[in-house]
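**Student:** Pasting the feature list from TrEMBL:
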| type | residues | note |
| --- | --- | --- |
| TRANSMEM | 6-24 | transmembrane segment |
| TRANSMEM | 45-66 | transmembrane segment |
| TRANSMEM | 72-91 | transmembrane segment |
| TRANSMEM | 100-118 | transmembrane segment |
| TRANSMEM | 138-156 | transmembrane segment |
| TRANSMEM | 163-184 | transmembrane segment |
| TRANSMEM | 204-223 | transmembrane segment |
| TRANSMEM | 235-255 | transmembrane segment |
| TRANSMEM | 261-284 | transmembrane segment |
Amino acid sequence: MEIYILGIIIAICGNFLISISLNIQKYTHIRQSQRGTRPYYTSRLWWCGILLMGLGEMGNFAAYGFAPASLIAPLGCVSVIASAIISVVFLKETLRASDVLGGALALTGTYLLVTFAPHSAPHVTANMVERCLISWQFLIYFFVEVVLFCLLLYLYKCRNVKHIVIVMLLVALLASVTVISVKAVSGMLTETVRGSHLQLTYPVFYIMFIVMVASCAFQIKFLNEAMKMFDATEIVPINYVFFTASAVVAGILFYEEFYGLSIIYIIMFVLGCLLAFTGVFLIARSRPKIKMDRVFISMGQIPGKTSTDKVQPETKDSKYGTLASKFVCNSGVQDDS
């Protein structure tokens, strides 16, 4: 079996476990709030959801060691689709025509992504990462990213421009660094486990590990702030699109994943991305408004979670929005009325 197929299978299984986990936790929140009994974190079912989440995120992390980042990152839509299906079947949420159409488009896009994405990439070693870090294309890209990040941060913090695009671009720029560092760490660990060459003796491994943790932490920070200002049904699709785009760009410029790929493959890959993006937006469209105080990042994505004390269903609608569970768990829900 080709090594990239193993990465795809691990990523799909990881995202599927995450969707099950988040719906289990959502069910626990609903049940505990309706009963008005003990806090949700005393429930064994909730901890089962946390365990599944951990397994899913470990799968996503491992997948980057077997397949290109530009292939693994877009597979995050698997969790969106699975979460929508689970919510309709088990949590009795309303199935809308836009959900069916969005799911069909997302599945079609995923098929195109898997078929036409780069299927091979050089083995990630410490020496390779060191060479990529001083390559001219990455240095230019990193310089532009730092300048853009500082400009957006100035607008957000100093000029008080609280637009959703500003905040999500900050998250996406950090996500680009996260993808590069996660693939580097996962790839070097994979090489070490294979026994090809011990990678843990190189300082660059620990540098990339620190970068990975720091970039994840700041992503969580800005996503937390975004969730306090905007609805989860707005945040999730934009975050998915921006994250996927940043991961693909990082894979192209840092790991040269599209090197030697034919034009028709590139066009079909872009078409697959557009279909997946459209499907996610359709699933998210007109969902019941859910205000969240805490967020969960999935990298296709990277783990990070916090929690609040209680979740209350919205009084105008007894059902939660499905798509919010893609990136949000252990969250406080505020009534908009």
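Every residue, even glycine, has its Cβ placed from backbone N, Cα and C.
Any TrEMBL annotation is an automated prediction that lacks curation.
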**Student:** For the transmembrane segment (138-156), what are the same-chain contacts with Cβ under 8 Å, counting residues 6+ beyond its ends?
**Tutor:** 132, 162, 166-167, 169-170, 173-174, 176-177, 249, 253-254
**Student:** Considering only the recorded stretches 72-91, 100-118, 163-184, 204-223, state which has the highest number of Cβ pairs under 8 Å to the transmembrane segment (261-284).
**Tutor:** 100-118
**Student:** State the residues, same chain only, that lie 6 or more residues beyond the ends of the transmembrane segment (100-118) and have a CB under 8 A from a CB inside it; answer 'none' if no residue qualifies.
**Tutor:** 8, 68, 70-71, 74-75, 77-78, 80-81, 84-85, 251, 257-258, 261, 265-266, 268-269, 271-283, 285
**Student:** Would you kindly list the residues that approach the transmembrane segment (72-91) from elsewhere in its chain, counting only those six or more residues past its ends and only Cβ-Cβ distances under 8 Å?
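**Tutor:** Distant contacts of the transmembrane segment (72-91): 7-8, 11-12, 15-16, 18-20, 22-23, 26-27, 30, 60, 63-64, 99, 102-103, 106-107, 109-110, 113-114, 117, 179, 236, 240, 243-244, 247-248, 251, 272-273, 276, 279-280, 283, 298-301, 319-320, 322-323, 325-326.
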